[in-house]
Amino acid sequence: MYNFVKIFRSNFIDINAANKLEIFLKTILRIYKTPARTHLLAHAADISAIYAVREIYNYMKNDEEGRIILKEKPLLIRQDIQFNELKKLPKNTLGYKYMEFLETYKLHAHDREVSHFFTDLNYSYILTRYRQIHDIGHVVYNLNISIESEAALKVIELVQTKLPITALAILIAPLMTPLYRFQYIFKDSIPSNFLTPNFDYTYNDAYNYVDELSIKQYEYNLTDYFHVDKRDDQKFYSKMYQYYLDNINNSSAVRGSIIYGFENKSNNDIIYDHPNREYIFLKNLKKKHLLFQYKPRKNLLRELYPWAYMAGVSTTKPLHSIHIEKWLDKDIDLFRRTYNISPLPDHLNLMAGIN
């Protein structure tokens, strides 16, 4: 409680309704152009959330656990949570999985924007808590941070919170989601001259692809959904990152990722989803590599949105009204069973799950 009172006082911005409307309109126009600037989304949520937050407050006020949360105002910040201790917990606990998610995607609970425009302490806390619990949602529903996974989580949050900004995100997300995505996965390391003019894009055993075709047969940008854990070549990474920044909003472009240090242990050579014609897995048993390709936008509309809606409806209690802090040292599967949380189905895991 004491920590949030200090945070509230230092972050409150006192402006009139006309100024709020101006900020809302400006942020909405800029969100589509620069979706990576999450503070814009936060400001728009602040200004548009009053009625939804009031309903959340009334729900929590009439719920025993909710009343405790409103009274104590716990926060997922270092003053309240010993994050390093969470990494020492058993691997299937909620706290360990939470830290694993944050470190995998280079995130931190402190990155979540504090509510700025509510004059009411409780309302400000509720919206701030909703943002902090967002990453817990990723963990318990097993969703990564791709555009389509974020959009699916927004469906769950819309069901649980009725926040207008979640509906806006759901409507815009398909336009921002790439039409096609693939991943080339290397066995040991990315070739040092990859993405340079002298790189041989035709098949070459030295580069350990699974794909026997020329990479030049694809028109693509290496953007949006990349994951590089071992960056031996800093020039490669900076070039990859620049591609990401330049093309983040190019929804019609084909996007891909390069991963290495991966070993495909599946026994199947080819898996093809005939009903949806969505994706295909090609594996080379000798080299143990994988080429994975699918259509994110189609997948979002046909599979992720329907699953997310049902997952949101079936969950017996909104995440923001659960005392998450008391569950961090508990088994994540027990948490899911307790609140009837349905994580991402297995067949969607490679496309949208935490890997």
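Quick reminder: no glycine exception, Cβ is built from N, Cα and C everywhere.
A sphere of 10 angstroms centred on the C-beta of Asp135 (Zn(2+) binding site) encloses 20 other C-beta atoms. Under the heading Zn(2+) binding site, Swiss-Prot lists His134, Asp135, His138, Glu150.
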Least crowded of the binding-site residues His134, His138, counting other Cβ atoms within 10 Å of each Cβ, is His134
Which chain neighbours of the Zn(2+) site, leaving out His134, Asp135, His138, Glu150, have a Cβ atom within 8 Å of the mean position of the site's Cβ atoms?
Ile136, Gly137, Leu143, Ile145, Leu153
